Number of protein chains: 4
Amino acid sequence: MATSDAEALVTSHDPNHPANLICELCRKFYTLGWVTGTGGGTSIRHEDKLYIAPSGVQKELMKPTDMFVMDYESKDYLRRPVNLKPSACTPLFLAAFTMRNAGCCIHTHSQWAVLVTLLCERTSEPNVFSISTLEQIKGIPRGYGPEKAGNLGYYDTLRIPIIENTAREEDLRDTLEGAIREWPDTYAVLVKRHGIYVWGKDVAQAKTQCESLDYIFQLAVEMHKLGIPWVKQ
Amino acid sequence: MATSDAEALVTSHDPNHPANLICELCRKFYTLGWVTGTGGGTSIRHEDKLYIAPSGVQKELMKPTDMFVMDYESKDYLRRPVNLKPSACTPLFLAAFTMRNAGCCIHTHSQWAVLVTLLCERTSEPNVFSISTLEQIKGIPRGYGPEKAGNLGYYDTLRIPIIENTAREEDLRDTLEGAIREWPDTYAVLVKRHGIYVWGKDVAQAKTQCESLDYIFQLAVEMHKLGIPWVKQ
Amino acid sequence: MATSDAEALVTSHDPNHPANLICELCRKFYTLGWVTGTGGGTSIRHEDKLYIAPSGVQKELMKPTDMFVMDYESKDYLRRPVNLKPSACTPLFLAAFTMRNAGCCIHTHSQWAVLVTLLCERTSEPNVFSISTLEQIKGIPRGYGPEKAGNLGYYDTLRIPIIENTAREEDLRDTLEGAIREWPDTYAVLVKRHGIYVWGKDVAQAKTQCESLDYIFQLAVEMHKLGIPWVKQ
Amino acid sequence: MATSDAEALVTSHDPNHPANLICELCRKFYTLGWVTGTGGGTSIRHEDKLYIAPSGVQKELMKPTDMFVMDYESKDYLRRPVNLKPSACTPLFLAAFTMRNAGCCIHTHSQWAVLVTLLCERTSEPNVFSISTLEQIKGIPRGYGPEKAGNLGYYDTLRIPIIENTAREEDLRDTLEGAIREWPDTYAVLVKRHGIYVWGKDVAQAKTQCESLDYIFQLAVEMHKLGIPWVKQ
């Protein structure tokens, strides 16, 4: 692809163009403490292309020209910025895109997510975070397809699977795909001592779920400190 | 109503026009963590009209054209944005407007409010939050009408009723109205495991009360952690 | 004084003009949680005049034209904005200006300050907060006059007097003046279950001390939670 | 050096010019609570010159013209702003520049760093902070030179030396240099009850390490509160 074509892929005055939107989202996520120290990542599927933030950069300073662009069908890069490395999260983002038809996938290192996995490590169910009877649970979809339309209700129990972390981020692929298969309704997977992957059909659904989950994780840590059980008895 | 008239209802260069003000307030509430994950809502009564933020949207990104406008007398919508849903809080906002002549009603999912309801669940008085002898209590009005003019004093005890949450937000209406009747002086009602409704005669009173209450709830949670009783003995 | 003269007192393009600076400071203090819910206040002495933020307003929204201006010599108001009330802190600010020749006095409702007074309530010395052996102590001046020039050292113990709160803010005047006399080196007085008054020879000294003290109070609360004594033994 | 030449040293439209970048970094660090109350400092080595933020100023308000500029070879000041004092951190920054060939050195008073040193004081190893099995550890380089290229891995243990604080900041020089020699792989040194010095080959590496370390310290304090050991057993 000619250089000018590769530039055109990330050049737009529309603030909702994926290359602009990823930069704006990451600035917001930085102030929330989700992607500091170059951690985390974000990817958007737009028509037949994937837009992916690069690896190892200051996430609040990214520019549209830092974006990697991949052809969704062939998985070939249409655009690879010189001097930048593709995100190690790419195979994990692809799992959400291909297995759950996601439109956006967000990976954060939220401290509340990490603390929740550490607290679950000590329970009899270290591989799932469960919480019930909180209004904010309504921010999370019930599952996929017409018979699971709509969001969870107040009396439902939200369950998010937790997978083991691996030495290399790419190596999470198999267990992440396994968790997605094992939990066919989930829109998120926690990674032990690491963070979380959250996706949705579009940017708004992925981002607002990320917010709802982080709210719930922070509340869960405070509830634990105050001796209040996560699942109402 | 013609489209141009419906547009005129939310088009103004005045930053204090309700349609502009709701957007500005929600941006502020988002940074405070009160309305993340599409939670919460805000409504302003202006002359003979109600302006109400829509349901299920990213609250920090709202535009004036996203506002619902209702005729206060007839309760008919004068403006319903296409593709947006009216807020499920609408009947609850109406309770504050009609029963207490409010000019603004704010609903947040503040984590401190939720934690306070969780801590009260374990006490002998699970249906009321009580705290005394804090300067910030002076930010809350004493009640309604000339004989209750002015705000609470330092030695007074602030009491905010707590109602049970329901599966559907609309179903809170009866218990919220009941709490307003049972607590004739209150300007706020906590909802268990959910958040808070706060109102005032105008935007400034509703917003600054919301701030004072959130300050007090956060302090109350910290006091609890440190073993300091809420009501001075 | 003619209206045009009264307006000239608060009209300047210089961001360091007291009327502009108080607004800018209060916007910053609002984001720090020090003056939410209309709490707190700020006053600057400039040449022969005092500039004072009004009572009961949203501190992050103040405009220069909201400022009260007082002739420092006569204590007469040179400017009283219509529809606004002078700050109840005024006599307390005056104590710092007249007794300690302050150039700026800041009053906050910092939650960390309040928590520190609550923790001191339970000790054998409820009327003074003491902490030692922290680098940030160096942000606080040693006292007044040439023989007390410079700031506290790392091994010094910082002591801030704590006074009882009163029903009406104006009534703090006598005890605040008493604490200033009893603690001739102090640049700050904590008010139990209320907040803190901090002053300095100029805005920079008052504001940076306010920051250093708040940092120290927050650290002190965390130290208490972790079982670490405030004064190194 | 003529005044105009001294001015030219800090005058540039390039946001990445060291004099501009230090101001921008310190504004960011202020909002993170790392340099409030005039605490902390930042220095960048650019070609044959050092740019250093002054002592005792409001770090979020600095202007490029406030910068000190030193000739790296001779250690002579090429530019000394009138009415400002050189940073007491200067000899400490120089230790990182000369002993580890750093391109940027950052000093913060992060409360999490201070709390971590306080928690280590009570352990059998008060002079080193150790933590393992957290994804964010990957934000820290393994060491120096080709055989230590790349960053730490998930299963590695991160170790940051802790030195005693001294009455005067300049007096930290000997112990800081000692710690750098004793810990040849470290990119950071904690100072007990004071804060941290962090450096890197360039601004991006120093800043993102600072973020990763602060994230880890905050997590470590929370882990301690929840009874979770820092080094996985």
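In case you wondered, yes, glycine gets a Cβ from its N, Cα and C as well.
Predicted automatically and left uncurated, TrEMBL annotations should be read as such.
The following features are taken from TrEMBL:
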| type | residues | note |
| --- | --- | --- |
| DOMAIN | C:20-221 | domain 'Class II aldolase/adducin N-terminal' |
| BINDING | C:Cys89 | substrate binding site |
| BINDING | C:His107, C:His109, C:His194 | Zn(2+) binding site |
| ACT_SITE | C:Glu135 | active site, proton donor/acceptor |
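Within the same chain, residues at least 6 positions away in sequence whose Cβ sits under 8 Å from that of C:His109 (Zn(2+) binding site) are C:Trp34, C:Val35, C:Thr36, C:Gly37, C:Gly39, C:Gly40, C:His194, C:Gly195.
For C:His194 (Zn(2+) binding site), other Cβ atoms within 10 Å of its Cβ number 27.
Secondary structure at C:His109 (Zn(2+) binding site), as computed by DSSP, is coil. Note: C:His109, C:His194, taken in sequence order from the binding-site residues C:Cys89, C:His107, C:His109, C:His194, have a C-beta within a distance under 8 Å of a chain B C-beta. The 10 Å shell around the Cβ of the residue listed as 'active site, proton donor/acceptor' contains 18 further Cβ atoms across the protein chains shown. When secondary structure is read from DSSP and collapsed to three states, C:His194 (Zn(2+) binding site) falls in the coil class. Distance from the CA of the residue listed as 'substrate binding site' to the CA of the residue listed as 'active site, proton donor/acceptor' is 31 Å.
Within the same chain, residues at least 6 positions away in sequence whose Cβ sits under 8 Å from that of C:His107 (Zn(2+) binding site) are C:Gly40, C:Gly41, C:Thr42, C:Cys89, C:Leu92, C:Phe93, C:Gly195, C:Ile196, C:Tyr197, C:Val198. Secondary structure at C:Glu135 (active site, proton donor/acceptor), taken from DSSP and collapsed to helix, strand or coil, is helix.
Contact annotation for chain D: of the listed recorded positions (C:Cys89, C:His107, C:His109, C:Glu135, C:His194), C:Glu135 place their CB atoms under 8 A from a CB atom of that chain. Packing around the residue listed as 'substrate binding site' is summarised by its Cβ count: 23 other Cβ atoms lie within 10 angstroms of its Cβ, all protein chains included.
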